[in-house]
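Participant: Pulled the feature table from Swiss-Prot, pasting it below:
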- ASP93, ASP95, ASP97: Mg(2+) binding site (BINDING)
- CYS94, CYS112, CYS119: Zn(2+) binding site (BINDING)
Amino acid sequence: MTVSSIFPPAADKTALERGAAIMPRFDANGLVAAIAQHADTGEILMFAWMNDEALKLTLDTGIAHYFSRSRNSLWKKGETSGQLQIVTELRIDCDQDAVLIKVRPQGDGGACHVGFRSCFYRVWENGALVEREA
């Protein structure tokens, strides 16, 4: 687990699980899992990673920011595509190692860089992946 320079560590298990402060438990690479969910439809749009700076920017700006492992850099979702994700609610799980971000996608409403509304556009059927929008 990596210690954040932005968010304080949990004082104890009760503070972590029941406290009012956000104290994310970043992994050894300084990342926490993030799921983006459409605020109106409930559809899961994407999975990404956040470092402490991405999480702070998301909380401060109300626009989803992530951390790209392949580019090793911050990534403001939709900055170039126009598909910004406006945050309506951010939830953190019981042990604070994953976040659920409810968003309203802007632009054409897409979230996937391949062009689909959701990154989860393939279904396993009869031994193969089949493309299918939700």
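Glycine residues also receive a Cβ, built from the backbone N, Cα and C atoms like all the rest.
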Participant: Compute the centroid of the Cβ atoms of ASP93, ASP95, ASP97, then list the same-chain residues not in that set whose Cβ lies within 8 Å of it, in sequence order, for the Mg(2+) site.
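Facilitator: Here the nearby residues are ARG25, ILE92, CYS94, GLN96, ALA98.
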Participant: Are there any residues at least 6 positions away along the chain from ASP93 (Mg(2+) binding site) with a Cβ closer than 8 Å to its Cβ? List them or say none.
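Facilitator: Sequence-distant Cβ neighbours: VAL99, LEU100.
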Participant: Could you state the whole-number distance in Å separating the C-alpha atoms of ASP95 (Mg(2+) binding site) and CYS119 (Zn(2+) binding site)?
Facilitator: 26
Participant: Using other CB atoms within 10 angstroms as the count, which residue among the binding-site residues CYS94, CYS112 scores least?
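Facilitator: Each of the binding-site residues CYS94, CYS112 was scored by Cβ atoms within 10 Å; lowest is CYS94.
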Participant: For the binding-site residues ASP95, ASP97, work out the Cβ neighbour count at 10 Å and name the residue with the minimum.
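Facilitator: Least crowded of the binding-site residues ASP95, ASP97, by Cβ count within 10 Å, is ASP95.
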Participant: Let me check the 10 A CB neighbour count of CYS119 (Zn(2+) binding site). How many other CB atoms are there?
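Facilitator: Around CYS119 (Zn(2+) binding site), other Cβ atoms within 10 Å: 17.
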Participant: Just the number: how many Å between the Cα atoms of CYS112 (Zn(2+) binding site) and ASP97 (Mg(2+) binding site)?
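Facilitator: Cα-Cα distance, CYS112 (Zn(2+) binding site) to ASP97 (Mg(2+) binding site): 23 Å.
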Participant: For the C-alpha pair, I'd like the distance in angstrom between ASP97 (Mg(2+) binding site) and CYS119 (Zn(2+) binding site), rounded off.
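Facilitator: That separation, Cα to Cα, works out to 21 Å.
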Participant: Under a three-state reading of DSSP, tell me whether CYS119 (Zn(2+) binding site) is helix, strand or coil.
Facilitator: coil
